[in-house]
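**Q** The structure follows.
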């Protein structure tokens, strides 16, 4: 008896939808368990200058194993491990996704916190107090929890997804992200887009960042003749330095006024803040009070957006802030370029020319989130090391309705916002990992895969039914269900024959290899 293909197709889809719905509901995890995992990570003291990297990495590896993700630990500098996880995509030839985060946090003054900064205390209002709750252990765990949810539905990525947990971001990232971005390991990942940290948002809109201000750590030094503390004379070191400080103050005020009046966002102006002031002749009880010093210096933390005229700023420093005519010199303790290795401003496009931005916008919307206007990150994050190489990178920490408390006392994140952020990242990772770039023969984005393989029945089940390819039908319908029930290992066991030779990670421990 002949069966109408369209009718069979309809019946198969109905059965599939019912079974998958029941499976998804049965795999929904208790939120308290999810919060508990977040608290466990927060309770690991990774504060500078002596972060417990080993304990953090071991915890993260345990999470990777529970998700059947391959892992690799790399030390570019001894005792500063970088953990790399991989979720293999079905098409390893496509550029991959890198979900980046750092494991270290800044120090905290325990006596100025309501709760111990590494207690991860959950109060009656749902606030989780801990150093790193915003910067950025929340995002690290949201990556993992989002993947946990995707795996529970049987989702399989088209693009490979990497997660990196790097050291030393809070002290510049030179032994972590900088070396990683310049390594052969990173080059081998064929990364197409990087996601890194952003900031909390006090409003209901999530903040996203397409660039950051480059740090120029400037020291201005003045010299002059020493003299008796009672003597009045011109061009002393202190007088020359104070003149410069006043000129710098006026420039700072002009930049700050544009922020106060709403003409520009904080990340769009050049910020200048004094970091130290050094002068005087030390004595056993303090300083010699009747002696005018021959040298004086001041340090400034200058942050320069990629839209600024860097050459004009450096001329201003040489001619106005530290002119030779006043016996002054200057040097940069750090001076990051605002241009990438190709001479272009270090920023990521946030318009239709960048599909990654469009995908992120749509993914946030699909997860019932609101995305605010993209902006320039006011400080520095590790994403700059990847942007310097011409790669797109977006800073995004899904924390809405939350005061910005990174590096502050009583840093916290509400558990409800943390859980919402997991849903947001689930949507983003799914969209990114499923995205396949157009070719000239493709006419519609509607035919792009949405869960690791084409879900268009005309392209997938229709031909299989017509050819009586019951194995293909079985794989199409049961792989997500089996993946949800039994994990990624079962899904691998029922892959179609043409995928059997796909590139996979080594599962045995060898130098420089991934392990599971």
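Yeah, the Cβs are placed from backbone N, Cα and C, and that goes for glycine too.
Keep in mind that what you see is a predicted model, and the values were worked out from it rather than measured.
From TrEMBL, for reference:
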- 104: active site (ACT_SITE)
- 169: active site, proton acceptor (ACT_SITE)
- 496-509: compositional bias 'Basic and acidic residues' (COMPBIAS)
- 211-320: domain 'Peptidase M20 dimerisation' (DOMAIN)
- 496-516: region 'Disordered' (REGION)
**Q** Can you grab the distance from residue 169 (active site, proton acceptor) over to the residue listed as 'active site'? Cα atoms, rounded to a whole Å.
**A** 7
**Q** Helix, strand, coil residue numbers for the domain 'Peptidase M20 dimerisation' (211-320) per DSSP?
**A** 38 helix, 39 strand, 33 coil
**Q** Give, as a single whole number between 0 and 100, the mean pLDDT over the domain 'Peptidase M20 dimerisation' (211-320).
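**A** Across the residues of the domain 'Peptidase M20 dimerisation' (211-320) the model's pLDDT averages 97 on the 0 to 100 scale.
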**Q** By the DSSP assignment reduced to helix, strand and coil, which category contains residue 169 (active site, proton acceptor)?
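**A** The three-state answer is helix.
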